[in-house]
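S.K.: Below: one structure in structure tokens.
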Amino acid sequence: MNAARKPLLAANWKMNKTPEEALAFWREFSGRISGETGRVEVVICPPYPALPALQGTDLRARGVYLGAQNVHWESRGAFTGEVSPGMLRAVGCSHVIVGHSERRAYFGESDEVVKRKLRAALEEGMTPILCVGETLEQRTAGRAEEVVAAQLTAALEGLDTGRAARVVVAYEPVWAIGTGRSAAARDAGEMAVAVRRRLRELAGPAAEEIRILYGGSVAPDNFARFLAEAEVDGGLVGTASLRPESFFALVASAANAATAQAGEGEAQ
Ligand code: PEP
């Protein structure tokens, strides 16, 4: 982590939780929020039907943001089953995940589609969480950095610096998602350094403001190791975000790391 960037922790609930279940989560989670939690940008990304239910709670007043897991790039029209950035805004979303590997793999989302979604989200004033990451085959072949750099280039090339600074990048090795097998913190840290390098080439000084998250089987017993990496600014979390106690443990871990870092900064 780096004291200059606010850590971000995003819960990706995927296709889990009805509106009632989302509210039950929020009741328990919100009871744990303290002043310290404010050191972390916490985002909950439920399935679409649970968005209005969560919007109707005190979530924003408690410093937590709402996000969506997907978005279409057009603002309206004949796109059956799709949801526009403006519609997400209308139900309280400030953040949106784009290019998750499950969308790339199961729904055929190309780099071009991811780029359109990212730009549409930015146009609407939202914070896109851009997912990038290599498959196991690509890592084994020594191509992980090259693959991630190409995904970043496809999504971000040509973006003006003001917009680029609002992007969040989630490095999620595909083989680590939902498998219980996280990356080694050192490998994730090295990839985050490579991502920051590529971001500097693509976005110039705005790269210093972009948060880089790690995602892939993050859990309360491994998260602190990822946060100890200089260029990792938080996490995108699936499984461990489904239970209020484990997601809160991750928030607390990031808040503690941020407090420790602020203390170090003051001591210098
Ligand atoms: C994810 O959905 O982005 C993810 C990282 O899932 P998990 O934490 O379950 O690996």
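Just so it is clear, glycine is given a Cβ too, placed from its N, Cα and C backbone atoms.
Curation does not apply to TrEMBL; its annotations are automatic.
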S.K.: Besides Asn12, Trp13, Lys14, Gly178, which of Ser34, Ser75, Ser217 does TrEMBL list for that substrate site?
M.R.: Ser217
S.K.: Provide, as an integer number of angstrom, the distance between the C-alpha atoms of Gly178 (substrate binding site) and Glu172 (active site, proton acceptor).
M.R.: 11
S.K.: Consider only the binding-site residues Asn12, Trp13, Ser217: which of them have a Cβ under 6 Å from an atom of ligand 1? Write none if no residue does.
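M.R.: Only Asn12, Ser217 qualify.
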S.K.: Count the Cβ atoms, other than its own, that fall within 10 Å of the Cβ of His100 (active site, electrophile), considering every protein chain shown.
M.R.: 27
S.K.: Same chain, not part of Asn12, Trp13, Lys14, Gly178, Ser217: whose C-beta falls within 8 angstroms of the C-beta centre of the substrate site? Give them in sequence order.
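M.R.: Once Asn12, Trp13, Lys14, Gly178, Ser217 are set aside, the remaining close residues are Ile177, Val237, Gly238, Thr239, Ser241, Leu242.
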